[in-house]
């Protein structure tokens, strides 16, 4: 009797650049899970139809990336608490009763990566730069680690303020205008995509405390623009978002398959793939 091979995918537009098939294929091999995972381009105006067709044809679960995370949030018939708070969904799973549950594993992936690097979050002073979907998705998991304070700063201050109000019940959260952020922080997280265009947020370089950690959610070959700047101005450690990508994927895999794959070896393989080694 042939073993059934379950289908998973990632939906986005564009999607050619996605590392998710590479990651999940390695996860499947590592855990001996019979599955295939593909990258699927959904039309900008046809995400829901594409995902419905995928599940109707027997798909078990999928990841969702830009620009469809908010649409996936609306599409899901049930939501996890962290997806509700994130206001966006990056993981969908078809349940036995036919319902589709939506989850957001981004924040768990970030925290997992930071802890893997021995970054102490409990009692830390955390600065999050940016107030878009990427920031919103990680705030609750960061606050769950019990930092002393979490400050959100953003070019448009009102967006940072909205997030601070939304998450006030979960810890000490404040919003600050970029030009007023001058104190030192232990963990500085850049959730903006500025590094992709070689730009930097308009922030003072005095934000890096002794032994501080800089974390840029973007990644590429070598240090990102933000991490180069952070190291020049006193950050003791600097990490990019590749580990977060692997961490959120491991969390999605756990939701789908009920077991957590190891991330370290996969991250090494992915880094080699990215550097073209």
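Each residue, glycine too, has its Cβ placed from N, Cα and C.
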Practice task
From 32, 90, 179, 190, grab the residue that Swiss-Prot records in the same shikimate site as 18, 19, 20, 65, 106, 219.
Solution key: 90
Problem - Among 18, 65, 69, 219, which are recorded as recorded positions, the nearest neighbour of residue 156 (NADP(+) binding site) by Cα - result: 69
Problem - Surrounding CB atoms that lie within 10 Å of the CB of residue 156 (NADP(+) binding site), all protein chains - result: 11
Practice task
Tell me, in order along the sequence, which recorded positions from 18, 20, 69, 219 have their CA within 10 Å of residue 133 (NADP(+) binding site).
Solution key: 69
